[in-house]
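According to TrEMBL, the protein has these features:
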type     : residues                                                       : note
DOMAIN   : 4-158                                                          : domain 'Glycerol-3-phosphate dehydrogenase NAD-dependent N-terminal'
BINDING  : GLY8, ALA9, GLY10, SER11, TRP12, GLY13, PHE83, ALA138, ARG253  : NAD(+) binding site
BINDING  : LYS106, GLY134, SER136, LYS189, ASP242, SER252, ARG253, ASN254 : sn-glycerol 3-phosphate binding site
DOMAIN   : 178-319                                                        : domain 'Glycerol-3-phosphate dehydrogenase NAD-dependent C-terminal'
ACT_SITE : LYS189                                                         : active site, proton acceptor
Amino acid sequence: MERISIIGAGSWGTALGILLAKSGHQVKIWSILKDEIKMLNEEREHKDKLPGIAIPSNIYGTTDLKEAMEDTKIVVMAVPSKFVRETSKKVKEFIQKDQIIVNVAKGLEESTLLSLAEVIEEEMPDNEVAVLSGPSHAEEVAKDIPTTCVVGANSKSVANKVQDVFMSKTFRVYTSPDIKGIELGGALKNVIALAAGISDGLNFGDNTKAALMTRGIAELSRLGIAMGASVHTFAGLSGIGDLIVTCTSMHSRNRRAGILIGQGQTLEEAIKEVNMVVEGVNTAKAAYEISKKYAIEMPIIEQIYKVLFENKNPKEAVEDLMLRDKTNEHKKLDMDFNKTIEWYKE
Ligand SMILES: NC(=O)c1ccc[n+]([C@@H]2O[C@H](COP(=O)([O-])OP(=O)(O)OC[C@H]3O[C@@H](n4cnc5c(N)ncnc54)[C@H](O)[C@@H]3O)[C@@H](O)[C@H]2O)c1
Ligand SMILES: O=P(O)(O)OC[C@H](O)CO
């Protein structure tokens, strides 16, 4: 049994709390929102975000951050990306050196283009920071539906510790040293999911969605490699795995927002209707800037940026993607596939 603090009581923080509590851990969950904590403690249910799912008795909710952080070994950061910096500054006041911080949010900091683990590390440089990511919708995790994730950490012992804590018969956790790749995969797939949703909203078909997913992971991998991540991570749970679940599931907030935009709603209307955090919107801005910074071609990200922030008609965006300059499927010579070497020279 471990004592765990969860910072953020939205759908993901609450679902992870339920998972950990069912494994026998003692969980304290903090939210800035008084009504949310009152609901969790008194009604034993997150009626807005996980209706019908009981909150186990070994979860205790509090709005007092000091109390939430006291006497725990693991601190799970589960607030939306735009609150990660300000929440980290608050958490920093109470953090102990031996507490491992596990970031589970997926996004990038818009003003600095930093990953969220980098933001947390900047604020709390003396603590070990791990990331947990993968194809995992809160609605399913909270209902014990078998799920897999990957934990990334600089130190193997930290990754192993987090793996031990989260692993259960319904939640299988792998370890990896590639924090950068895991975070990029988790953040950028949300932008591709907006694109997949827009495609569905325009009544395009499975061919279109498969194209967006496949060419989307190509974009993510290109950028990831340029930023020092491992290409293999993008073929893993936090890459293609999360891309599949987010682009195909009706649980996905990003996909649902995309569908509404494809059907003609404005970005603001779509965000309002989804009523939970749509991380892909801010990430689209950051990703567009990062692609320019690293001079990496990311045509889907670029078109989504234009649809969201420059009022571009989604149909036109699709046409521009289809008719962009002709190119090879792989940008560089594939050294494992010798046939291509001569072929590309022609
Ligand atoms: N929901 C999922 O299935 C899921 C799965 C994996 C990862 N994530 C990631 O987890 C993160 C949180 O997502 P979510 O789905 O739980 O969001 P959500 O919209 O369900 O919840 C948002 C929560 O943020 C907290 N909050 C609101 N204002 C705040 C403030 N000013 N400061 C600090 N906290 C505040 C509240 O607890 C609120 O309920 C996102 O980055 C998301 O991508 C979500
Ligand atoms: O509902 P979404 O689109 O925010 O996606 C949630 C998770 O990242 C899925 O793994």
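Glycine too: its Cβ is placed from the backbone N, Cα and C atoms.
Unlike curated records, TrEMBL annotations are generated automatically.
Annotated features, which come from TrEMBL, shown on the structure.
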residue	record	contacts (Cβ under 8 Å, 6+ apart)
GLY8	NAD(+) binding site	TRP30, SER31, MET77, ALA78, VAL79, PRO80, PHE83, THR87, ALA105
TRP12	NAD(+) binding site	ALA78, VAL104, ALA105, ALA138
LYS106	sn-glycerol 3-phosphate binding site	SER81, LEU116, SER133, GLU183, GLY186, ALA187, LYS189, ASN190, GLU279, THR283
GLY134	sn-glycerol 3-phosphate binding site	THR147, THR148, CYS149, VAL150, GLY186, LEU237, SER238, GLY241, ASP242
SER136	sn-glycerol 3-phosphate binding site	THR147, THR148, CYS149, ASP242, VAL245
SER252	sn-glycerol 3-phosphate binding site	HIS137, ALA193, GLY197, VAL245, THR246
ARG253	NAD(+) binding site	VAL274, MET276, VAL277, VAL278, GLU279
ASN254	sn-glycerol 3-phosphate binding site	ASN190, VAL191, ALA193, LEU194, GLY197, THR246, VAL278, GLU279, GLY280
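Taking all protein chains in view, 34 other C-beta atoms sit within 10 angstroms of the C-beta of LYS189 (sn-glycerol 3-phosphate binding site). When every Cα pair among LYS106, GLY134, SER136, LYS189, ASP242, SER252, ARG253, ASN254 is compared, the largest distance found for this sn-glycerol 3-phosphate site is 15 Å. Of all the binding-site residues given, namely GLY10, PHE83, ASP242, the one with the smallest number of surrounding CB atoms inside 10 A is PHE83. Taking H, G and I as helix, E and B as strand and the rest as coil, DSSP gives the domain 'Glycerol-3-phosphate dehydrogenase NAD-dependent C-terminal' (178-319) the counts 110 helix, 0 strand, 32 coil. Binding residues for NAD(+) (GLY8, ALA9, GLY10, SER11, TRP12, GLY13, PHE83, ALA138, ARG253) extend across at most 19 Å, taking the greatest CA-CA distance. For the recorded site, GLY134 (sn-glycerol 3-phosphate binding site), the DSSP three-state label reads coil.
Within the set of binding-site residues GLY8, GLY10, TRP12, PHE83, LYS189, no residue has a CB atom less than 6 Å from any atom of ligand 2.
Secondary structure at PHE83 (NAD(+) binding site), as computed by DSSP, is helix. Not one of the binding-site residues GLY134, LYS189, ASP242, SER252, ARG253 has a CB under 6 Å from ligand 1.
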